[in-house]
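Dropping the structure in here first, questions after.
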Amino acid sequence: MRDEFQLIRELLRHRPRPGNEVEVDVGDDAAVICPRSGMSLVVTCDTMMETVHFLPCTMAASDIGWKGMAANISDIAAMGGNPIGAVISLAAPEEWSDGQLAEVYRGLGEAAQRFGVSILGGDTVRSPKHLVLTITLLGEVEKGKALLRSSARPGDIVFVTGDLGSSAAGLHLLQREDAEEWQGCFSSLVQAHQRPIPRVDAGRLLLASGLVPACDDISDGLAQEASEIAEASGVRLVLEGERIPLAPDMRAYAWECGIDPLNWALSGGEDFQLLGTGSRDTWEALRERATACGIDLIPVGWVEAGTPGVDYVENGKRKPLTQKGYNHFAANG
Ligand SMILES: Nc1ncnc2c1ncn2[C@@H]1O[C@H](COP(=O)(O)OP(=O)(O)O)[C@@H](O)[C@H]1O
Ligand SMILES: Cc1ncc(C[n+]2csc(CCOP(=O)(O)OP(=O)(O)O)c2C)c(N)n1
Ligand SMILES: [Mg+2]
Ligand SMILES: [Mg+2]
Ligand SMILES: [Mg+2]
């Protein structure tokens, strides 16, 4: 029989050392943190749910922890912030052994360590069926400077920070009956799905440049995130299909499967790159500054005045984008 308090001690045993902002650490009724002066708190929350976000064939226990943390860090990155500390809710079924749960926390701790996140506390309950991992992440951002979805302006360039669709391709591969035969050749896709890297580096650079009006992270696919910026800013985004960056491995795997790789980029989700807009006048300066820091900003379209929404240009023809992103309550969810 599992002991709740023994399990909590086990899960927290190897957590990263708390950062300087932590006034009261895990172990009391609540944690106390103090952001640096001149900084505002940024708060976000995301859940990883067995069957919805992962299956035994798609993710090892440690990957679940990494990805749960990475998905939250990505939302802080999209605001231009720095992550500070996490509060973690774990609902665990009896079928998951203490060892497996410790593995979830090992992966979670690896991501926390890499991105400077303190584990501030959490809650542990029994789940009658599936594993559910919910993380609330706190971060800090310079007061009044957070990057918003609502600041895109007509004339802006639309850009992304890296390849799209690889995570969806990795998920497709991992769910094949003959997945093992494919994993060796396309390990980068599996890696993109299981161990995404949130773009805190890019978010911080975009904020520091002062040249980026709007930003969003790509959790639900480019189509959905572009429409979020369009709606929030009251503008029309125009995406150019040919410019959307696709990893060579992703193209090759899609070709093997007879699938259009752009569908994975537009609708697949979980890439956790950033989507942003920047003024045309300062675009070259911004791009050079990013390149100097090893960050690619890839132009994928532009912003126009018009009915809020997204248009798509393919083979020189422009039309409203029909692809939808990931939606938990739709057919693709
Ligand atoms: N159940 C909820 N209660 C309150 N706010 C929510 C809930 N679900 C989502 N939100 C808020 O709605 C907005 C959109 O959520 P979501 O699409 O999940 O964002 P993201 O893709 O960045 O994680 C966010 O501001 C989020 O905090
Ligand atoms: C087994 C399995 N099926 C489907 C998916 C694909 N999937 C699940 S949730 C999701 C979108 C991102 O998750 P969400 O909870 O919407 O995160 P948020 O947008 O709130 O950051 C995707 C693409 C998956 N990762 N695993
Ligand atoms: Mg969310
Ligand atoms: Mg987001
Ligand atoms: Mg979503």
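Each Cβ is built from the backbone N, Cα and C atoms, and glycine gets one as well.
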Which candidate from Glu110, Glu256, Glu270 does TrEMBL annotate alongside His53, Tyr326 at the substrate binding site?
Glu270
Determine, using Cα-Cα distances only, which of these binding-site residues is closest to Tyr105 (ATP binding site): Asp29, Asp75, Asp123, Glu270.
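Comparing Cα positions, the closest of these binding-site residues turns out to be Asp123.
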Using a Cβ-Cβ cut-off under 8 angstroms and a sequence gap of six or more, which residues of the chain neighbour Asp46 (Mg(2+) 1 binding site)?
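Within the chain, Asp46 (Mg(2+) 1 binding site) has Cβ neighbours under 8 Å at Gly68, Ala71, Asn72, Asp75, Thr134, Ile135.
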Just checking: which of the binding-site residues His53, Tyr105, Gly122, Asp123, Arg149, Tyr326 have a C-beta under 6 Å from ligand 1?
none
What are the DSSP helix/strand/coil residue counts across the domain 'PurM-like N-terminal' (27-141)?
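Counts, helix then strand then coil: 35 helix, 46 strand, 34 coil.
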